[in-house]
Amino acid sequence: MNKIFKVIWNPATGSYSVASETAKSRGKKSGRSKLLISALVAGGMFSSFGANASASLDGGTFSDPTEITDVWVAIGQGARASSVGNGTGAVAVGANAWATGIGSTALGYQSYATGERSVSIGQVAEASGNRAIAIGSGADGLAEYSVVLGVGAQAATTASNSLVLGKSAKANGADSLALGRQSLASAANSIAIGAETEAAENATAVGTKAKARGKNSLALGANSDSTGEGSVALGYTAAATGASALALGQNAQASNTNTIALGQNSSASTANAIAIGTGSSAVGSNSLALGSSSSAGGNNSVAIGANSTAGEDNVVSIGSGSAQRRIVNMAAGTISTDSKEAINGSQLYAISRSVADRLGGGANVATNGTIMDMSFQLKKKNFNNVGEALQYLDNETLHWDSAKGAFSASYIVKNADGTIASTVAENKIINVKDGDISATSKDAVNGSQLKTTNDAVAANTTN
């Protein structure tokens, strides 16, 4: 050996140990520090040259059921390190530190590196999974290939290949990621990023207190919540609690199956409902509310436009009781006995124009589609509607008396509903033209004709 190091037999461990030639067996603190440095340097030297060596200090021991073929280092009261077969030597530094896995490293009071080639750094830290890394006081890397960094952070035995970072962060599923204080990746392929976040299987939660608790869900934004399976919540306090629901916007709420809420404070609360717009609300099943503060309360109802309301089932509303709207640029609908298409203003005007033309009397069509300005003259009397004119004719003409089987000249006054108000039984028929007087004539004769006949009869009687 050189002038600095020497190999001595350690009867306590039953092995050769490397020590400084200048170190004392029972020295003061400064001497113990020199021995510690010597042991660490010796471990590095012998490892580099492939030599067999071990080092212990302050009661450190090694555990090796088979032949020692590599370097191990155990430093600290109760520290334990082992090296088995052809594996790389273990290193345990700290009181009661254990590095019992092949090629493992344990640094810190009661730190444990029991997994193969695992690393545990920190007080009471534990890396029991193969190739696991646990760094931080109380950090636990219990699954293989897990990486844990943070005080009290943990990768559970089921969380292989997981990454955990943050105080009390935890990963329970394989291939999961928990990043942030008290973040929780609770199942396989879950991602939780942010303080107090939580993500389920195949789910992603990003933002302080974001919760993606539904399988395959996404929660993005502080206090966002995607509880339903396959749901998506984006925005501060947005919540998608129904299966396959979508909530987008601050405090948007999609609380039932297949619901969609888009916009700040929007809400879709029944199955298949859709609310789009700030403060919009779709309460009825299969309903649609489109527009700021719009509301679709009826089942299968549609409310379109700001502040529009559709409170009944199976209706479409483009306004409200206090605010109506027009529909413009609408194509002409089919007009037939079975048509259910909407018609536009030009079609309605054409119908009104057709009626006005057939009524006559100078009738016109107003801009609101009504028929106006008609005038009928009967016996020098003017009428502005067909009903009054017909009633006048009805009162001023002969009437058929079904009981007598003959026309009657009775004057009948009718009420507005067509019932008879009064009757003048006896009336004259005037201005009757001379009728044909013959054996076959059926013409009416007037008073002058009858007088001529009477005069002729009287003359013949006198003669």
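Cβ coordinates are placed from backbone N, Cα and C, and glycine is handled just like the others.
Where the annotation comes from TrEMBL, it is an automatic prediction and has not been curated.
Residues or ranges marked as domain 'ESPR' in TrEMBL: 1-48.
Summarising the annotation, TrEMBL assigns domain 'Trimeric autotransporter adhesin YadA-like head' to 86-111 (among others).
Counting same-chain residues at least six beyond the ends of the domain 'Trimeric autotransporter adhesin YadA-like head' (113-139), those with a Cβ under 8 angstroms from any Cβ of the stretch are 87-88, 90, 92, 98-107, 145-155, 157, 160. Summarising the annotation, TrEMBL assigns domain 'Trimeric autotransporter adhesin YadA-like head' to 113-139 (among others).
Under 8 Å from some Cβ of the domain 'Trimeric autotransporter adhesin YadA-like head' (171-196) lie the Cβ atoms of residues 143, 146, 153-156, 158-165, 202-210, 212, 215, 222, all in the same chain and six or more residues away from its ends. Under the heading domain 'Trimeric autotransporter adhesin YadA-like head', TrEMBL lists 171-196 (among others).
Remote same-chain partners of the domain 'Trimeric autotransporter adhesin YadA-like head' (201-224), defined as residues 6 or more beyond its termini with a Cβ less than 8 Å from a stretch Cβ, comprise 173, 180, 186-195, 230-240, 243. Annotated domain 'Trimeric autotransporter adhesin YadA-like head' per TrEMBL: 201-224 (among others), in sequence order.
Break the domain 'Trimeric autotransporter adhesin YadA-like head' (227-252) down by DSSP state and the numbers are 0 helix, 8 strand, 18 coil. The domain 'Trimeric autotransporter adhesin YadA-like head' feature in TrEMBL is assigned to 227-252 (among others).
Non-local neighbours of the domain 'Trimeric autotransporter adhesin YadA-like head' (254-280) in the same chain are 228, 231, 233, 235, 239-248, 286-296, 306; each lies 6+ residues outside the stretch with a CB under 8 Å from one of its CB atoms. The feature domain 'Trimeric autotransporter adhesin YadA-like head' is assigned by TrEMBL to 254-280 (among others).
Within its own chain, the domain 'Trimeric autotransporter adhesin YadA-like head' (282-308) is flanked in space by residues 259, 261, 263, 267-276, 314-320, 323, 325, which lie at least six positions past its ends and keep a Cβ under 8 Å from the stretch. Residues annotated as domain 'Trimeric autotransporter adhesin YadA-like head' in TrEMBL: 282-308 (among others).
Mean pLDDT, taken over the domain 'Trimeric autotransporter adhesin YadA-like stalk' (326-369), works out to 80 on the 0 to 100 scale. Look at TrEMBL and you will find 326-369 (among others) tagged as domain 'Trimeric autotransporter adhesin YadA-like stalk'.
According to TrEMBL, the feature domain 'Trimeric autotransporter adhesin YadA-like stalk' maps to 428-463 (among others).
Summarised by DSSP class, the composition of the domain 'Trimeric autotransporter adhesin YadA-like head' (171-196) is 0 helix, 9 strand, 17 coil.
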